[in-house]
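**Q** The structure under discussion is supplied below as structure tokens; questions concerning it will follow.
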Amino acid sequence: MMFWRIFRLELRVAFRHSAEIANPLWFFLIVITLFPLSIGPEPQLLARIAPGIIWVAALLSSLLALERLFRDDLQDGSLEQLMLLPLPLPAVVLAKVMAHWMVTGLPLLILSPLVAMLLGMDVYGWQVMALTLLLGTPTLGFLGAPGVALTVGLKRGGVLLSILVLPLTIPLLIFATAAMDAASMHLPVEGYLAILGALLAGTATLSPFATAAALRISIQ
């Protein structure tokens, strides 16, 4: 099926540019590490501010990786070829965003036990953090994809991309950190996780169509 061919192709291309995959991950880890060094290793304080630290770091590292979502395709001319495929353009966008999450969002999940240890979180707090990252990081990709499509042809589109995308991530940031706060106090988190799941479902449904329209505008 052509959808999965595009998905596998995107993964192969991403692994050929391993430095661009590693840089956001290093940025994420460096930001997480700086907080214990700057405010001290007090476990209670670190556990209290951990949700904000983790999600701001995840958001900023995702923005670093988002810029290359369509950039290479535009530079080598393959973006126009993708638009001419018999597969609908929203499906192409969905395959690209899924592959992008596999190489940028999934590694954050793998690093989550280390992050929990650095910030003095308990096992339950780590489990909830992992769930928020599982639901939230693909949502970041879907929220950012239309902005990337609009700025793909600009030489210095990184700042504009941040201005477009960051306000859209505020609800995600609120509910993800609220879930982690509730977990730290051993309160129910199901409602927050349900909202994060709804945000993921909504963005996964609507974002490919908005991104496809933005790509057509940028290419014209």
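Numbers here mean position along the shown chain, with the first residue as 1.
Using the three backbone atoms N, Cα and C, a Cβ is placed for every residue, glycine included.
Values in this document were obtained by computation on a predicted structure and should not be read as measured data.
Pulled these from Swiss-Prot:
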| type | residues | note |
| --- | --- | --- |
| TOPO_DOM | 1-20 | topological domain 'Cytoplasmic' |
| TRANSMEM | 21-41 | transmembrane segment |
| TRANSMEM | 45-65 | transmembrane segment |
| TOPO_DOM | 66-100 | topological domain 'Cytoplasmic' |
| TRANSMEM | 101-121 | transmembrane segment |
| TOPO_DOM | 122-127 | topological domain 'Periplasmic' |
| TRANSMEM | 128-148 | transmembrane segment |
| TOPO_DOM | 149-158 | topological domain 'Cytoplasmic' |
| TRANSMEM | 159-179 | transmembrane segment |
| TOPO_DOM | 180-192 | topological domain 'Periplasmic' |
| TRANSMEM | 193-213 | transmembrane segment |
| TOPO_DOM | 214-220 | topological domain 'Cytoplasmic' |
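How buried are these features, and what lies next to them?
**A** For the topological domain 'Cytoplasmic' (1-20), the model gives a mean pLDDT of 83.
Tertiary proximity for the transmembrane segment (101-121) is limited to same-chain residues at least six positions away from its ends with a CB under 8 Å from its CB atoms, namely 11, 14-15, 21, 24-25, 28-29, 32-33, 35-36, 43-44, 46-47, 50, 53-54, 58, 61-62, 65, 129-130, 133-134, 137-138, 140-141, 184.
Only residues 6 or more beyond the boundaries of the transmembrane segment (159-179), in the same chain, are considered here, and those with a CB under 8 A from a CB of the stretch are 51-52, 55-56, 59, 63, 66-67, 128, 131-132, 135-136, 139-140, 143-144, 147-148, 150-151, 189, 192-193, 195-196, 199.
Applying DSSP to the topological domain 'Periplasmic' (180-192) sorts its residues as follows: 8 helix, 0 strand, 5 coil.
Note on the topological domain 'Cytoplasmic' (214-220): DSSP counts are 6 helix, 0 strand, 1 coil.
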**Q** Helix, strand, coil residue numbers for the topological domain 'Cytoplasmic' (1-20) per DSSP?
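**A** The counts are 18 helix, 0 strand, 2 coil.
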**Q** If we skip the immediate neighbours and take only residues 6+ beyond the ends of the topological domain 'Cytoplasmic' (214-220), which ones have a Cβ under 8 Å from one of its Cβ atoms?
**A** 70, 79-80, 83, 89, 93, 146, 149-153
